[in-house]
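Worksheet for the structure shown next.
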């Protein structure tokens, strides 16, 4: 695990997205259960689950894809400042989505 490129936003973004997908998938089991869905339907639980799924996995994977794609399309590697900014954006997005989703689940 230490040998993985943790300083590359193109790697970190989808990994964090997958980490957010784990509790989102557990919430999907709740939504799929008729008895539990009856309790959480039309509450803040549902948007909390949606944001864990879409905002964590899909958006972070798109961010990571762009951090890989743009340097390859332009032929210019990203600078150290851009790499650090990319890591900050990815981590802040992930933490913000986790805080928001936990709040929505708690309220639901």
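Backbone N, Cα and C define each Cβ position, glycine as well.
As recorded in Swiss-Prot:
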- 49: heme a3 binding site (BINDING)
- 51: Fe(II)-heme a binding site (BINDING)
- 10-30: transmembrane segment (TRANSMEM)
- 50-70: transmembrane segment (TRANSMEM)
- 85-105: transmembrane segment (TRANSMEM)
Long-range Cβ contacts under 8 Å made by the transmembrane segment (10-30), restricted to residues 6 or more beyond its ends, are 4, 36-37, 40, 45, 48-49, 52-53, 55-61, 63-65, 67-68, 87, 90-91, 94, 97-98, 101, 105
Comparing local Cβ density (other Cβ atoms within 10 Å) for the binding-site residues 49, 51 points to 49
